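Everything below concerns the one structure shown next.
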Amino acid sequence: MKIGVLALQGAVAEHIRSIRQAGGEGVAIKRTDELAGIDGIIVPGGESTTIGKLMRQYGFIEALRAFAAEGKPIFGTCAGLIVLAERIEGQEDGHLQLMNMTVARNAFGRQRESFETALDVAGVEEPVRAVFIRAPLITSVGEGVEVLATYKGEIVMARQGNLLACSYHPELTDDYRMHTYFITMAEEAAAVR
Ligand code: GLN
């Protein structure tokens, strides 16, 4: 599977490495025409306001909405989760607004700006290693959204059909199982296209 990583800002190289380790082909995507032939795309962590602004500037809002409408999967990690959400607390507008959920940015407060933990993820056998850095939380989910993981009772991972989102950075450890999970989503989507 050819998996793109949106390369406008943020943790791009680490995702490409993890995709390769998980057996996929990782490709940095800087222009919308590079989406042709891509089976799934990751929107990485970074700074969601900056990523959103650059996405508007380079035509990625419309292009990625069309990509998702074709049934191709999108995985938003950390800032990428914020980019996927329909609603962002305290902000007028979202970015892609594809997932029926509300998110809060920088939701862990100063004491817990960054930490690593082991998370139980639905559908994955052993706990997954997760690195949280100025992470967002999903404060509510609407119809069609399945919660895949919680941390101390708060939602940190969810899926809505071909859309996957997590609060943490799955690309910063040598645990590649979330990339394997996403590659499987891309394979399943390709099989019905
Ligand atoms: N705090 C960032 C934001 O709100 C997200 C942090 C991250 O991606 N590690 O955009």
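The backbone N, Cα and C atoms fix where each Cβ goes, and this holds for glycine too.
A simple way to gauge crowding: the CB of Glu47 (L-glutamine binding site) has 15 other CB atoms within 10 angstroms, across all the protein chains here. What TrEMBL lists as L-glutamine binding site is Gly46, Glu47, Ser48, Arg105, Ile133, Arg134.
If you look up TrEMBL, you'll see Cys78 marked as active site, nucleophile. There are 29 other Cβ atoms within 10 Å of the Cβ belonging to Cys78 (active site, nucleophile).
Sequence annotations record features per position, and here TrEMBL assigns active site, charge relay system to His169 (among others). Within 10 Å of the C-beta of His169 (active site, charge relay system) we count 26 further C-beta atoms, all protein chains included.
If you look up TrEMBL, you'll see Glu171 (among others) marked as active site, charge relay system. The 10 Å shell around the Cβ of Glu171 (active site, charge relay system) contains 26 further Cβ atoms across the protein chains shown.
The distance from the Cα of Arg105 (L-glutamine binding site) to the Cα of Cys78 (active site, nucleophile) comes to 9 Å. Of all the recorded positions in the record (Gly46, Glu47, Cys78, Arg134), the one with the smallest CA separation from His169 (active site, charge relay system) is Cys78. Largest CA to CA distance in the L-glutamine binding set (Gly46, Glu47, Ser48, Arg105, Ile133, Arg134): 13 Å, whole number. Rounded to a whole number, the C-alpha distance linking Glu171 (active site, charge relay system) with Arg134 (L-glutamine binding site) is 15 angstrom.
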